[in-house]
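Okay, structure first, notes after.
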Amino acid sequence: MPQNEHIELHRKRHGRRFDHYEKQKKKEGRLPHILSKKAQTLRGIKAKLYNKRRQNEKIQMKKTIKSHEEKETKQRQEVPEGALPAYLLDREKQSRAKILSNTIKQKRKEKAGKWDVPIPKVKAVSEAEVFRVVQSGKRRKKAWKRLVTKPCFVGEGFTRKPPKYERFIRPMALRFTKAHVTHPELKATFQLPIIGVKKNPSSPLYTSLGVITKGTVLEVNVSELGMVTQGGKVVWGKYAQVTNHPENDGCINAVLLV
Amino acid sequence: MAFRFRIPNIGFRKRMSWSDFTVACIVGVLAGIYTFKPGLQQAKDEIERREALKEIQARRKAEMEQDRPTQTAWLSLFKRIVKNSNTRYSLLWLTGGLLFCLYASDKAVLSQFQLENGTLLGGPVEIPLTVNLRQLNSITNGLAQVQEGAAAVDNNEPVPYSFYIDEIEIKESLEKYFEEQANKQMFEKTLNIVCVPKARFQVIPVERCTATIEGHLEAITVLQFSPNGKLLASGSGDTTVRFWDLNTQTPFDEYGKAHRHWILCLSWAPNGKMVASSCKQGLIGLWIGATGKQHGTKLLSGHRQWINSLSWQPLHLNGSCRLLASGSKDTTIKIWDTHLFKTVFTLSGHTASVTCVKWGGQNLLYSASQDRTIKVWRTTDGVLCRTLEGHAHWVNTLALSTDYVIRTGAYEPSKERASDEYDHLDESTLQTLASERYEKVYKLFDTNGGERLVSGSDDFTLYLWKPETDKKPLARMTGHQQLINDVKFSPDTRLLASASFDKSIKLWSSRTGAFLSTLRGHVQAVYQIAWSADSRLLVSGSADSTLKVWNIEKRCLLFDLPGHADEIYAVDYSPDGQKVASGGKDKVLKLWRR
């Protein structure tokens, strides 16, 4: 393996051999013979591997040959079936058979109590990861205090408990108030204030503390989006699920649960 | 005005005796003689007429229950008198007649008639509570006559009115109205009665399918009647545009074969001569309506993706029907010159597919898009005027209050004219005719004029805008439970109808955006709706393969028109109100008539 560009430099300065291109062409001409000899004489595991690789190459070659053979000019395309008026074009219409099976499935899900979230399974975060032990006392022997190391949300009227009695310390640097929420259909992202942490899938303790990790369901203030319910009331709170690791990124990205 | 009696306190009045009656007669006659000295003979005629009225009144008192026979006699007399005498006498007659009504009845109310845009019809008048709709109509007609002078009334036909007090309609008589509104203060102040003229002609509702015409090889996606209602054009998924002869109910021989993909949009030019059609490849074709042949040899190309909506420039702005606007999925709007086959302007600014474009009557172009905004452009130089924001999801449809007049152009369906009279008129005459009609509708909302725009969206709400002046919406109309697919203003611009995928149609008032009622009956999503020319009927086509005709005055279903085999994609009511055409997934076109 050349460590530097001395080979290229030489080529640039002095050029190649006079018969370089001829030799290269001849070598390429010999290639099919060599390959076929190889394919015929290989045995065992090496043969199997080689055959597999060769098969893939042949498929690719056939495709390129076929595309070259197709005419350059546009053919009169076959008009597809299933004509739709303009207002139905961007909408996916379910076939009627599917609707029935979907309703049955939904009923079953509701009975089971499982809800649809974009990220259903999240790796649980252990306590050792989330909390760091803070030692207190005159001799630094007492170890009942914990410092939260993940981003969290505290409400607006939050006041700390007296430091002497505070068991869980949530540092101000790790407190977030806004989340970047993406609307899944519109594919637009908005920065919305968080109203509260609804559920942290790892532990109910984290939910009560307000710790935000990947997969946490938050409630965000969507009054900016201007959504309205059937009764005409303006919707101002909706759930969103966190999609990134906020402790690594420094921001909370979430997807809106519509 | 001769004199005006004010009844100072409410309550019951005692019945007038005959002597009082004759005294009143004589007083009235004397007043007549006094104010109009030269017309003594006419005053004498009046005495006779009043004697006749006295008799009628006596009969009325005798038969309290049966109103009709005496009232018709009274009304016909009233009408005859109003027509024959000149305006000052008719006014006096009005006051005199009202006075008699007053004396004969128990309760009366001081009320002021006014039109929608605020102009008052005469001064305050006393009317008894027992007056019913027909009498109110004749009073209003008389007042309007007085106001505008005899010259303004053409054909001597009375215009039917509907009456509203505080936005609530008077259904049968004032008494009934007050019974229902028990808690309102009735007699202390002047009642403002708003009179809204209804269409003079009445459209007979369609009842039966007169023709099922096959011809298309794929689903029919768009349908439109020509502005004079004589021709019908349809576009379908088999890439052809066909024209249909309505008298024989067969297709023309020639049909448009130039497109290569599904026809998505179709639009008649307002002079009724050309049709523009657009396909899924983004090409626009022009066809001559009378023959079905293509205008020119090539298709207008320029858009890179399919075209969602087409809109011609209105006839009152340009009599030659030259400019056409198209909105496409590639987020641009192009204005084309159809005589030169070129693009005049390309309006870009939207960030997502443009779903609907409408060319307004003030040379403004309104475009709705999937990026949740509506943009208002000036068509003279292609500059963006303002952006109307507010929706939370895709904006699907737009409707303008002047849609019907712009669509019909110079053609006035209520006047029976020879079918080829409009062909002989030249462009400038057509343009003036169209602008007269347009001005009338334009002034309906304010005396200075104004267009209203309604937008329906995927966020289940509608917004009412005044796009020429304001960026903020006038009203937000909520209530639908699924996305709104189609919105239409009624031709008299009083009502709005919105069709939604939640199987219902909602009616709204176009002045305030207030919800009026829901029309339920369809069992699947309602795709398209169309108003009849007199605004009394609404026809709707839905995915459940039925058409329904709704009576708007009673807000109920009139006729159910089944017959299609599959979903109905397009419905249109002819501008003269005689036929309905519908087409859909089952590839047949159905014509419906009485």
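Any Cβ shown, glycine's included, is placed from N, Cα and C.
Fair warning: this is a prediction, and the values are worked out from it, not measured in the lab.
The domain 'NLE' annotation in TrEMBL covers B:119-177. In the predicted model, the domain 'NLE' (B:119-177) has a mean pLDDT of 72.
Sequence-distant contacts of the repeat 'WD' (B:213-254), counting only residues of its own chain at least 6 positions beyond either end whose CB sits under 8 Å from a CB of the stretch, comprise 260-268, 270-272, 275, 277, 279, 285, 287, 289-293, 407-409, 411, 413, 419, 422, 566, 569-576, 578-579, 581-591. The repeat 'WD' feature in TrEMBL is assigned to B:213-254 (among others).
Under the heading repeat 'WD', TrEMBL lists B:256-287 (among others). Residues 218, 221-228, 230-231, 233-237, 239-243, 293-296, 299-312, 314-315, 319, 321, 324, 326, 328, 330, 336, 338, 406-411, 422, 427, 430, 434 of the same chain lie 6 or more positions beyond the ends of the repeat 'WD' (B:256-287) yet place their CB under 8 Å from a CB of it.
Summarising the annotation, TrEMBL assigns repeat 'WD' to B:300-337 (among others). Counting residues 6+ beyond its ends, the repeat 'WD' (B:300-337) has Cβ neighbours under 8 Å at 261, 264-271, 273-274, 276-286, 343-348, 350-361, 363, 365, 367, 369, 371, 377, 379, 382, 406, 409-410, 426-428, 430-431, 434-435, 437-438 in the same chain.
Here the repeat 'WD' (B:347-387) has Cβ contacts under 8 Å with residues 305, 308-314, 316-317, 323, 325-335, 393-400, 402-403, 405-406, 438, 442, 451, 453, 455, 457, 465, 467-468, 471 of the same chain, all six or more residues outside its ends. TrEMBL lists B:347-387 (among others) with the feature repeat 'WD'.
Secondary structure of the repeat 'WD' (B:477-518) per DSSP (helix as H, G, I; strand as E, B; remaining residues coil): 0 helix, 23 strand, 19 coil. For B:477-518 (among others), the entry in TrEMBL reads repeat 'WD'.
Among the features that TrEMBL reports, repeat 'WD' is placed at B:519-553 (among others). Beyond the ends of the repeat 'WD' (B:519-553), by six or more residues, the same chain brings 198-199, 201-203, 205-206, 404, 413-414, 482, 485-486, 488-492, 494-495, 497, 499-507, 559-573, 575-577, 580, 582, 584, 586, 592 to within a C-beta distance below 8 angstroms of the stretch.
For B:561-594 (among others), the entry in TrEMBL reads repeat 'WD'. Under DSSP, the residues of the repeat 'WD' (B:561-594) split into helix, strand and coil as follows: 0 helix, 17 strand, 17 coil.
Counting residues per DSSP class in helix, strand and coil order gives 0 helix, 20 strand, 22 coil for the repeat 'WD' (B:213-254). Long-range contacts of the repeat 'WD' (B:561-594) within its own chain (CB-CB distance under 8 A, at least 6 residues past either end) are made by residues 201, 203-225, 227-229, 232, 234, 236, 244, 246, 249, 404, 407-408, 411, 413, 527-534, 539-549.
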